[in-house]
Every structure is written in structure tokens, then in C-alpha cells.
């Protein structure tokens, strides 16, 4: 295989015409072509990778040539400068078609032949809109400027070549190739390659809360083989060359290699990279070289800001705006034709008319004049009003106390600012299971080892006691954190200085850093709650583990003591639980995470030998069934001896000079593929006589006491895990005295029962990924010296990788029995709703390990196809595993999840569960969630081939059709429904093009679908299939990184800020802390937002059509000349000022149904969605109503004043006043809520009209002459006829609408009959809750700052919806 990689590489070199060294580097021992590239320099392929050299190294001239194209470390998030603000802002604003349209009208009005108003008047609306948006953009940009200035001027210590020491330098002056020295609690200024750490093991710990919101520490390590640890790093001696990939936004990937002066290469990966904006923790000093700076850092490339999506309502609005354009063109075309005909038939005019212009040309001019006159029909202010309304809606959602989580001190985050109304139109909801429906607070429940199940009954009773102790009325269990606030604050105990604090990147004042720390602690503490830590051991398992303690060994008649093989399985099982993870260990006294321990308390060589003797066994003695074999081992008590390999990994290892005789390869045959059972003929009857009968039971009790006392003494140990299941397994191992005490890059410190602390040499970590679904560690066994691979992962994967061992038939029989029993226990655990994991191991021969290591080093040192090569290397290692056992972990449902799902289904929302868990677990959880009802029929789709999948889908479709269930009646509890359960492999085939239609048809006929064992890619494909093929509104909710793709594909993505970091939250449109918050978010706020915005848009369109039609009607009486009967200033300000605020208040505060009614009657959500408040029919009904009201408003004054000598301005005054009151009172009729704010805004709108028109008419003599005749408004308003006309016009126009609305509310009332009483109860309850909230938060606290909304903080006087 190595030769193949070399040939592939050489072919690529020949094709590109370059024979220099390429991307792959052959480690020592592999076949290489030294004659070709021993002295060649590194290839630098522009556009594919970058070369980094030390800034003050020997390659100074080459550094200057290379680094010229690299960006500096100064960041600039502002859009504008003082010189570019006006042109750039105008350029961006005129990207909007509406602004271009009104700019065109303003310029068109400057053409004399089509001029309708004075030139400056038509520019006012456009200038006002542009000015308001420009001021908003300027304030936002200035805020970003201050933030950039603060960050860029932070100080950091950088190596200076002239002074040959580290000097303070501002962040913006750091360059690629600089050596940066950081201390504990300092924030990293750029992406650094870690070259030195003061930690003796070359480890550095960082906190990535500023980057991804995760507060648990991440471990980074120094580039290996660079310089000896313990010796200060000297930048002058750094002569290496770094080749790495070009900047990208993948936070988890870094590929490259470092080449020293002797051309030897060392592979680089993400564990060697310190990312910008992360914080150094628990490490005195680190030194790194800058590889990416400024906007090329991964943090800046991931800074995308708020999410913007187009809502379904906005797409519908664009269609209606096009209809408004069509109406405008029809009116203008009618006016132009009418004017041409009028001009043609005009003879002997009594007034001045341009008779030289032909009627056709005059009609053409009038067309453009009418475009200017009727410009209000295209609502330029509507888009601005919609943005303001959405901000108001988000404000009330954000400050809803029902969506506040007091445990995390967090509330809902609205990251997408323009899709709030889509929350009211959701039809399909796709949910993850773990952490979304469940707590994701894992607690060890039970396990199976060696095919024997240990039910841990006392542990089960303990969990029940915790639930009873923590339950409160109306609330589910709240886990109390076992981690105190010291778990975070202790991280800086060993730091000598802290020059940069966390608030430098989050704009937090120093006095509020404690609040942020406490919030982070609360999130981290969930992994180490008392419920997770206080695991009660199983008595049978404790009794067997007692055999490992020399003082408790008892092999007598009737004593249930485990066989040597079973003890081996048990020891390896708990050793795997303790070390197969990425858990970081710390303590209050030693925050360095490497806990000092005393040497192993092995009293003498004889005790070591006796302990080893208890592990010996032989396949030659195995006869009969596994059960009889085990029983014979119990009664015979045979033993042997073995000698561990001579190796040294720490002070706690056995003396290599000990002359222990014999050899035992437990769990490994000669080829290292399975258990080889070796047993010599030495008996230990004399040893078994030491303790028998009751003495053995007494030792077991003593062991239990030792366990408890040891745990009490170890309470200072803190485990910080990347996932809660890792923490649960480590705590479980610790309960059995297999305690993880310390971790470094190369070693682990582990306590084993009866042996004390042992140093385990850590050779490799193969981290978990969603494709392999497993994690492995390669260690050198602390007792035998063998290379052992410990693997934990999903049972669907590990059960296939666990092979029957080669060797004696009796050994295969034992192993088959273990595997069969373990599978039964896995199925039982899944039926009980437990999360299952399998534990396995593999012993490697030294030659086998050396061969794999060479391939692994080849993969690690490659840049191109690195992930594929690492995956291939891991899969090659993780084969032919020996199954040790399995675990069952409790992950309880969140509170109110069943009620929430039931309410969502009653609201007509189809709920699908997409999970990576096994089928039985998913079905059990969904049954507990009430997603599955007792009378539902379960359809299971598990296929082994594509053809079988196609046949099964057709069969299931026929079965559903025979059932004849109406899938639309989701809320009917008496209706028998179908629920489809499909596994990942079958789903993969169902999503292919040939079977996609059948899967879609079947899923549409089912009440719900449960997708098990699904990958992140499959989740996103399912959501995309439903969204695109059915054209429905989809919502996806999840809490982990594996849900990001699903969240981004859905129309609405919701992230839950749970236990798996903030990846889902950062990719979501809305972020909540509990699944139950979905009920109010959708059924109440979603319903309100959709109704408010839809009604506001309809009202806005009605208002514009109604007013414009008045001007159009007047054209029939003025020869279609484009004249108006209203003052041009009043005409422009009518929509801009007089009637602009009421629609906004209407869109923010209107409530068609009280919140209690919406929560109690979820079917109102479905009714509102199916009736479609904003549909084509409602649009045209409002347009027709606007036409009627405009006709009434125009012709009532016309007939009242017919035959009089009033002028056009005198006629227009009552028409305009009547139109104002009709529009304002129309909103009152349509409003479902009328508060003092509504009344105040309506009164002020009417008052502003009179306060402008009266002084304008009285004092502005020459303004807009001749359309503003002096004193017309004063004269008209002084006559009683004016008010009579206005009253008649208003009544005539609004009477049909009022009768229609009264009849509709009487016959089809959707509100709760006791809505008034409900509102009063809401107000009283709100006041009580606000009083409690104010008392609890007497000191203002700041909620976590999100990347898109820094500085967001609650105040005590905030309004709560």
C-alpha cells in the first residue's frame, strides 16, 4: 500500500511537471526514493497550500517574498469609512428595487413635459427612507468600529529579533511567522502552531467558549519531536519550514507538516493548532508561531453574523407587489388613452390647452405623469415598516418569561431576523432525540460483561429517589449540579499573570465576568451532577472485583468467585471505560489536570506474582459448555503465572528485573486475533483456604466500604468531558475503584482495584466520528506490556467488527456464548429506553503494531486526502475485536415533552424523529413522548438490499391503504394511525432516486416517521425531500453538531443550547433551551407573528389602493390630465407621516386570540394555517373593498357639493379628511386588540394631519402654488357641511366592512368565550411573575453574548409578551 501511495504521488508530480517533494512524506521504514527527493526543497503550490517561515529566522529574504501576500492580524468588521460611507451606503441601498423605482420617479418629475409636482416634493419620500436607513447603518458601523479598535489594540508578547526577547506588541501588528508567547488566561490573538508548553508533557489546555460556546477544556499538544520538553524554547534556533493548507473555515481540520533542516517531516493536525479568540487555561506559558492572521483565521472566516432567510410571506408579498404594479400600469394606461381621446374630441376649449401636441403624444406624456401621481400605490415604506414590525415581534419573543430558563440564565435567541412569521405556518417538525427530547444528562444504569448482566438494582432505586427528591408540582426533575463554581474558577489558580481577560473579545465589563463564568460553570456542571457521579455498584460485580484485591481473594466451596477469564474481561472492561475517552481531569487543589500520585502500592514481588497468577487459563482444560467450564474453574481454582514484557513508561511500573516466570496472552492467540486460554497445572488450593464462607462475604463488605471511602477522598477530582456519556462511563468506572486520575499527551494515570495507581502509556487516540460511530485508544497495557486497542461505540458497528476467535473449539464456544448473551442484553436495554454502547478490545503483536504505525504516520503527515487516509488507517486497526461487554445509560425525557408533542400534533404539525440511536431505543422513547399511541400500528422497514427495500415499501403502502386511515385527522385520538420506523441502511436506499417516490408516498400516509441509525447527511436529505417535494413549511430542531446540516436545510432551524456545545445554536434561526418552549413559540408567538404581519401587509395594500383610487377617480373629471385635487405636500405626507405609524403598532401589538386560548386549543394553529389569512383571495377582497371605499369617499362629497361653486381644492379637502378617518377607523374594525397605545397612536395620527394642514394653509402663501390656495383648509373646516360630508363618507365607506366583520365574528368566532377574563388573569399572573423575577434578579445580569447580537442584556423594565 505504501508503494501504491508513492507511485500515485510520483504520477501526480510527473503530470504537473514538478519532480520535487509533494504532499506525502514517507516515514522511516517505508520504501522511499531517497535519490529523488533527499535534497529537494518543498513544493509550494500556489492556491493549494501556504509556506510559513520564522519572521526572524535564517530565511529572512524568502520570508519577505512569501509573507507579502499574507494578511496582517488587524481585523476590520466595519463596512464603511468616512470617505466611503455615503457612496457605499447609497450603492447598497439602491440594490433594492423599490428604491430604484422611486429614484426613477424623482428623476422623471424633473422632466418638464411630465412634471406632476414641484421637483423637491417627489424626492422627499426617497430621501426620508434613505436617511433613516443610513443613520441606522452608521450607528451599527460605528459600534463595530469601536469594537475593532478595542480588539486590535490589545497587547501580546511577540519575539523581537533585534532585542532577542519578547516585547509587547498590539494585536494588529502581529504577522504570519511571528513567535507569540502567551500566559494563562490570555486570549489567543491569531491561529498559532503550538511549539512549546510549560507543561512537562507538552500539553496546553484552551477554552473555546468565545468560538463555539463550549466551556469544557480542549487539550492541545506541542508539535512532536520538535524540541525536548522542560527546556525553554529559543526562537533563534527554529530553522524549520511549515507547509500547511490554505485558510479555511473548518474549525476541526488542520493539515500540514513541519520540515526541519534535515528534511525530516512531522505531520500537523488540529490538536497542534491554537485558534484565535480561544483562551489559554491551566498552562503557565505557551509559545506558538503564527500561521494564519487577521481575516484568514478560522474564527474570522466563521464570523458570518446574523442569518437572513426569505420567509414564505415575503415571497407572497413580492407577488402581490407585482399585482400592484399591474394595477398601476392599468390605471396609467387608462388615463393616457382617456387623455388622448379627450384631446382629440376637445373643440374650442375655454381654458389654455397645448393644441400643438398631438393627442397620441399627449397621452404618452400623461402616462408618465400618472406614474408620478399614483406612485403611492407601490409601497416604498412597506418594506421599512415590515422590518420595524419584525424587530418589535422579536423583542416580545425574546423577553417572554415563559421561554426563559432560570437554571442556565438564558432566554430564547432570535438569530434570523426576518422569518418570525414562518413560525406560524409549520407543517412538518423534524426532531433529534438525544439532547432534544431527552435531557442528554447521562447516568450509568446497568452493564453486561462476559455475557453476564449486572442489573444494578440499587442504582435503579437511587435514581428513583433522586427523582422523588427533586420533583415539584408541575415540573419534572431538575438535576442538581455536583460541580461547584470552583470547577471553572480554579483553572487559573496556578497562573502567575493574566494580561487579557475574556471580556476583551465579548465587550463585557470586568465586573460582569463572574456572571459569564457562572453561566459557563452551570453548563459544564451538567456533566458531573450528583446523579451521574453517585453510581451504586452491583454487589455481584463488586464480589468478583474483590478477587483483584490480595486481601479479599477467596476460592472456597459455595463462593461465587469469577473465573480467570471473566476477571480478565471485567478488568479490561472497566479499564476501557476509564481510558477510552477524551476526559480532562482536574481538581480544586491541582488545576493542571495531571494529578500527582504515589507509586503503586504493590507490597512485594510475591504479591505481584500471586496477582498475575489469578489471570491464567488454558483452552486445553475447556470441555463442555461455557457454563460447565466456568463452574469447573470456580471449583478447581487452577492458576498459573506469567511475565510481563520489559518496558518502562513511568515510576509505577513493575520492576523490569523481576524474574517472573511463565507467559500469559490473555484474550490473544498467537496471531493476536482472539482469546487464547492458557492454564498450567499449578493449583492454588492452599491460597483459597485463607478465606472461606462468611469470611468472603465480609471481605466484599469491606471492599464496598473501601470503595465509598476512596470515593469520598477523591471528590476533589473533576472530570470535564466533551459529551455527557463519556462522563457517565468514567464515573461508573470510578465507582468500581477504576479511577482516572490524570492525563497527559503520552500517559494516563489510572487506579485499578487492588493495584493502586498505574501509568498507562497512551500511544494513539482515534477520535469518534459520525461515519465510524466509534472511538479507540491504543495503549500499552500497564500489566502485560502488550499493545492493546480499546474501542467503544455503537452496537450496530462493534457487533459486526467483533469476530469469533480462531483457535480451539472450546474458545469459540465461550465467545459465541458471550456474544449471544450480550446481544440479548443490548436488545433488553434498548426496549427499556437506555442508550447502549459496546466495549471491545484487540491485542496487537509488536510487528503488527509497527506496520500499522507506519501507515498511520503516512496518513498523519499527508495534506491531500488526509481524512480519507486516516479513516482507512482507523478501519484497518479496528477489526477482529474481542467483545468485552456493553453498557446501558439512562437519558431521561425533558419535562413536558409528551404534552408538547401532543399539542403540536393537535395543531396539525407532523412530528418526525431523526436519531442515530438504535431502533428499540428510539421506539421506546417516542412511545414515552406520546408520539406513539397505544392504538397506532407500527410499520418497520429493515431491509438488506435495495430490491428488498423497494418490495417492502410497496407492501407497506398497500397495507396502509387497506387500513383506510385518514392521515389528516392527526388530532383524533380514537383514529388508528400508522407510524413508520426505518433504519439507516434502509433509509439510504429509500432516499435514492428510484425509491424516493415510494418512500414519500408511504411517509405521507403515516402519522409519524422514526428514522433510526441515521447519519447527519441522511437527516438533511430527509428534510430536503419533504420540503422540496411537498412544498410544505419545515422546521428542524436539534442540539448537537450532527444536527447542523438538518437545521440549515429546513425552512426554520431551531437549536437547543444543551449539553453538546453550541454548534446547533450557532447554525440555527432560533435558539431555545428546552424542547417544551416549542409549544409556546409556535402555537402562540408563531400564530401571532403570522397574523400580525399578514394583516398589516393587507392593511397597507388596502390603504394605498384606497388612497390612490381617489386620485384616479378625479381624472375622469379633469380630462385625465394628471391633475390632483389634494395639496401636493399633504399628498406626499399622507403615507409618509399621517398613516405610517398605526400599521406598525397594528403589526406589533395586535392579538387575535389570547395566549391561554392558543395553548389550550392547539387546533386553532391548524385552523389559522389552513384558512390562510394572507392568501390570493384575501388580497383581492381587500383590493375590491379599497375600491369601494374610495368610490364612497369620492362620490359622497361629489354629490353633496354638486352644483356649487367650490374649487378643486375645496372639493379635495373633505375627500382627503374623510379618507384619513376611513383608513384609521378601518384599522380599528380589523384590530382584535385595542389598547391605550392603539388609541394614542390613532389620535396622534389624526392630530398630526390637522396640525400640519391648518398652519400650512394659513401661513404658507406661496408653498406649492397653485395647488395650495391660501386659507382653503381653514375655510372648509369652519363650515358645518364639511363635517357632515366627512361623517356620511366615513359611515358609507365602512358600513359594509363593519357588518361583514360583525357577522363573521358572530358565526365563526375562533377566540375563547372567556377571552376578557383570560386577559385579566394574564395581566395578574404577569404582574406576579414580574415581581418574583425582579426580586430574584435584583442585581442586573447579562445573558450570554451571541456572535450576531453582542451586548444584548435584560433590563428590569422590559416588557414581556
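Backbone N, Cα and C atoms are what each Cβ position is placed from, and that goes for glycine too.
Here is what TrEMBL says about this protein:
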type	residues	note
ACT_SITE	432	active site, 4-aspartylphosphate intermediate
BINDING	432, 433, 434, 726, 768, 792, 835, 915, 916, 917, 1013, 1019, 1042, 1043	ATP binding site
BINDING	432, 434, 1039, 1043	Mg(2+) binding site
COMPBIAS	32-44	compositional bias 'Polar residues'
COMPBIAS	636-662	compositional bias 'Polar residues'
COMPBIAS	1318-1327	compositional bias 'Basic and acidic residues'
COMPBIAS	1328-1340	compositional bias 'Basic residues'
DOMAIN	64-122	domain 'P-type ATPase N-terminal'
DOMAIN	1065-1306	domain 'P-type ATPase C-terminal'
REGION	29-50	region 'Disordered'
REGION	636-675	region 'Disordered'
REGION	1310-1361	region 'Disordered'
TRANSMEM	98-117	transmembrane segment
TRANSMEM	123-139	transmembrane segment
TRANSMEM	321-342	transmembrane segment
TRANSMEM	362-384	transmembrane segment
TRANSMEM	1097-1117	transmembrane segment
TRANSMEM	1129-1149	transmembrane segment
TRANSMEM	1179-1199	transmembrane segment
TRANSMEM	1211-1229	transmembrane segment
TRANSMEM	1236-1261	transmembrane segment
TRANSMEM	1281-1300	transmembrane segment
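Listed in sequence order, the residues of the same chain lying 6 or more apart from residue 835 (ATP binding site) and placing their CB within less than 8 Å of its CB are 434, 442, 725, 888, 889, 890, 891, 917, 921. Residues of the same chain lying 6 or more positions beyond the ends of the transmembrane segment (321-342) and with a Cβ under 8 Å from any Cβ of it are 359-360, 362-364, 366-368, 370-371, 374, 377-379, 1101, 1104-1105, 1108, 1112, 1115-1116, 1119-1122, 1179, 1183. For the recorded positions 432, 768, 916, 1013, a Cα to Cα distance of within 10 angstroms from residue 1039 (Mg(2+) binding site) holds for 432. With respect to residue 1043 (Mg(2+) binding site), the closest of these recorded positions in Cα terms is 432, chosen from 432, 768, 916, 1013.
Cβ neighbour count within 10 Å across all protein chains ranks 434 highest among the binding-site residues 434, 1042. Rounded to a whole number, the distance between the Cα atoms of the residue listed as 'active site, 4-aspartylphosphate intermediate' and residue 1013 (ATP binding site) is 11 Å. Cα-Cα distance from residue 432 (active site, 4-aspartylphosphate intermediate) to residue 768 (ATP binding site): 19 Å (rounded to the nearest whole number). Taken together, the residues in the domain 'P-type ATPase N-terminal' (64-122) have a mean pLDDT of 82 on the 0 to 100 scale.
Counting residues of the domain 'P-type ATPase N-terminal' (64-122) by DSSP class, helix then strand then coil, yields 32 helix, 0 strand, 27 coil. A simple Cβ count within 10 Å picks out one of the recorded positions 432, 768 as the most packed, and that one is 432. Those residues noted as binding ATP (432, 433, 434, 726, 768, 792, 835, 915, 916, 917, 1013, 1019, 1042, 1043) have their most widely separated CA atoms at a distance of 24 Å. For residue 1013 (ATP binding site), the count of additional Cβ atoms within 10 Å of its Cβ stands at 23 [all protein chains shown]. Neighbour count (other Cβ atoms within 10 Å of the Cβ, all protein chains): 33 for residue 1039 (Mg(2+) binding site).
Counted within 10 Å of its Cβ, the other Cβ atoms near residue 916 (ATP binding site) come to 23, all protein chains included.
For residue 1043 (Mg(2+) binding site), the number of other Cβ atoms no farther than 10 Å from its own Cβ, over all displayed protein chains, is 31.
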